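Colleague: The structure is given below, and queries will be raised subsequently.
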Amino acid sequence: MLKQITLYTDGSCLGNPGPGGYAAVLIYKQHRKELAQGYELTTNNRMELMAAIAGLQSLSEPCQVRLTTDSQYVRQGITQWIHGWKKKGWKTANREPVKNVDLWLLLDSEIQRHDVEWFWVKGHSGHPENERCDELARNAALADSRLIDSGYPS
């Protein structure tokens, strides 16, 4: 039986594009793990994707994951839009290249390892774990230890 993990994610970008950060909060029984990282120049959508990727990558074995995000872009992208993008060779309905394809490929790879159920929560609506992720992501975006987002612009 797979371990049941609850994962909350959020991304932040100050300027969009600008300095950004992501955060993930993972909960397994009484255990809690918080992840966050900042980047020098990125976008909000990239940070939302990175949050989900980082959370899933941090799991050392396949798990049953209840992933909650405040990003409709991430939730709809991975549950609906990705199927059409793959069929069209990573092009949109308008035949434009899919933005952030490097991260969509990573996220698609990660969800193959896990049984992921996707949930959406309205951002800044008082949900405690989403608010915590927002705080961690903003702090990461402001931190001195920001990395370079090698995929931006993609």
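Even glycines carry a Cβ here, placed using N, Cα and C.
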Colleague: Which one of D10, D102, D108 goes with E48, D70 at the Mg(2+) 1 site, as Swiss-Prot has it?
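Modeller: Between D10, D102, D108, Swiss-Prot records just one in the Mg(2+) 1 site with E48, D70, namely D10.
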Colleague: Give me the sequence-ordered set of same-chain residues, not including D10, E48, D70, with a C-beta within 8 angstroms of the centroid of the Mg(2+) 1 site's C-beta atoms.
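Modeller: Other same-chain residues near the Mg(2+) 1 site: T9, G11, S12, M47, A51, T69, S71, V74, G123, N130, C133, D134, A137.
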Colleague: D134 (Mg(2+) 2 binding site): which of the binding-site residues D10, E48, D70 is the nearest Cα neighbour?
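Modeller: Checked the binding-site residues D10, E48, D70; minimum Cα distance to D134 (Mg(2+) 2 binding site) goes to D10.
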Colleague: For a quick check of packing: other C-beta atoms within 10 Å of the C-beta of D70 (Mg(2+) 1 binding site), how many?
Modeller: 22
